[in-house]
Amino acid sequence: MFKEFKEFALKGNMIDLAIGVIIGGAFGSLVNSIVNDIFMPIIGLITGGIDFSNMFIQLAGEKQATLSAAKAAGATISYGHFITLLINFLIIAWVLFFFVKAMNKMRRKEEGESPNKTSSEEQLLTEIRDLLAKKK
């Protein structure tokens, strides 16, 4: 049983998956840093320093000054938090779009530089075509 587990755990696909998860986690941290440390301050400057995360509608109880106090007092609709998450999502999607676009461009460039190799099927079909052309 241990031998089977060892074979499973050390297969190339499992190791590739583990590496992908680790790199994905690191990439997620990098993208979050780009959003929170670069783009959100710029958006804050453009919007005049509006803090969307503290915008809410209080459904019950007395009117409160902060979201945390309003949540403690009763039901709230935290639409500002939703706006903040929506902005974060759009920025992350935008950054990832350009990253993937650049990666695809590099891939196409690399594929274009490789010599155009014909497959064995194509070679066989070419030979058959040539033989048929000679018989005519």
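Glycine too: its Cβ is placed from the backbone N, Cα and C atoms.
Taken from Swiss-Prot, the feature transmembrane segment applies to 15-35 (among others), supported by sequence analysis.
For the transmembrane segment (38-58), the list of distant contacts is 64, 66-67, 70, 73-81, 83-84, 87-88, 91: same-chain residues at least six beyond its ends, Cβ to Cβ under 8 Å. The transmembrane segment annotation in Swiss-Prot covers 38-58 (among others) and rests on sequence analysis.
Annotation source Swiss-Prot lists transmembrane segment at 80-100 (among others). Remote same-chain residues near the transmembrane segment (80-100) are listed as 31-32, 34-36, 39-40, 43, 51-56, 67 (criterion: CB distance under 8 Å, separation of at least six residues from the stretch ends).
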